[in-house]
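One structure is given here, and the rest of the page talks about it.
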Amino acid sequence: GGGGSAAGTPGTLTLLLGEGTKRLPQAIIIGVKKGGTRALLEFLRVHPDVRAVGAEPHFFDRNYERGLAWYRDLMPRTLEGQITMEKTPSYFVTKEAPARISSMSKGTKLIVVVRDPVTRAISDYTQTLSKKPDIPTFESLTFKNRTTGLIDTSWSAIQIGIYAKHLENWLLYFPIGQILFVSGERLISDPAGELGRVQDFLGLKRIITDKHFYFNKTKGFPCLKKAEGSSKPHCLGKTKGRTHPDIDQEVVQRLRDFYRPFNMKFYQMTGQDFGWD
């Protein structure tokens, strides 16, 4: 709401009063878990025209019964011309999410950060291991039966990486041009380049450039010279960039072979070669 003064300078007072309006998001980072979604959101928040929810709302998967008014209330206030965003990486694999987001707004822009499904699975396992140190080995969870080498596709760590399968579900509700696929690998090797694509997709001025990043060799991650709303440099938290356990190379190779046809299908569907093989 309002806040414009009679003197004919709308905007100025609105800014001073920290007002603006809570709006439903026009863009959502819908996936994928362990792909680089937190990094993308933190990098994007540097843009003055992006306002985003910090925590994952999980509205379209876990909290849908609470209703759109509840969801909108979680959003930050925005001024005219600013974009409201949120990220919940589990949306990408949620059966009901495409229909639900489409019924909120058919025009919602969707962003999926994807990463090599094999390293994604290991990263997923590593996260679980950090919370539950007594879980079985990665190798034993990968196979239904180690002897026959049959892979257990029902294990979520493996299931999530079958991107082509999940994408088909989204394409029933959204045209492919309304979904941007961000390479999790390039987000690390060339953050400014990937952010350029994202800003274009969102219709934003290319404000975030390589001047905003420096590479932290210890973390092996790009960091921001200045975080949103701060003059201090900012790297992602200590739960990011965990060291992966050593996985039996034979198992890694078996997974590479398993994912290959799905990856090829995904490259065809998106018109992008992510170079995972």
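Along the chain as shown, residues are numbered 1 onward.
Including glycine, each Cβ sits where the backbone N, Cα and C put it.
Now, the feature entries from TrEMBL:
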{"type": "ACT_SITE", "residues": "LYS34", "note": "active site, for sulfotransferase activity"}
{"type": "BINDING", "residues": "LYS34, GLY35, GLY36, THR37, ARG38, ARG115, SER123, LYS240, GLY241, ARG242, THR243, HIS244", "note": "3'-phosphoadenylyl sulfate binding site"}
{"type": "DISULFID", "residues": "CYS223-CYS235", "note": "disulfide bond"}
{"type": "DOMAIN", "residues": "25-260", "note": "domain 'Sulfotransferase'"}
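A map of TrEMBL features onto the structure.
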| residue | record | contacts (Cβ under 8 Å, 6+ apart) |
| --- | --- | --- |
| LYS34 | active site, for sulfotransferase activity | PRO89, ARG115, ARG120, SER123, ASP124, GLN127 |
| GLY36 | 3'-phosphoadenylyl sulfate binding site | VAL113, ARG115, VAL182, GLY184, LEU187, ILE188 |
| ARG38 | 3'-phosphoadenylyl sulfate binding site | LYS87, LEU236, LYS240 |
| CYS223 | disulfide bond | PHE213, TYR214, PHE215, ASN216, PRO233, HIS234, CYS235, LEU236 |
| GLY241 | 3'-phosphoadenylyl sulfate binding site | LYS219, GLY220, PHE221 |
| THR243 | 3'-phosphoadenylyl sulfate binding site | THR126 |
Position of peak Cβ density within 10 Å, selected from the recorded positions SER123, CYS235: SER123
Segment confidence, the domain 'Sulfotransferase' (25-260), expressed as mean pLDDT: 95
Maximum Cα-Cα separation (Å), residues LYS34, GLY35, GLY36, THR37, ARG38, ARG115, SER123, LYS240, GLY241, ARG242, THR243, HIS244 listed as binding 3'-phosphoadenylyl sulfate: 18
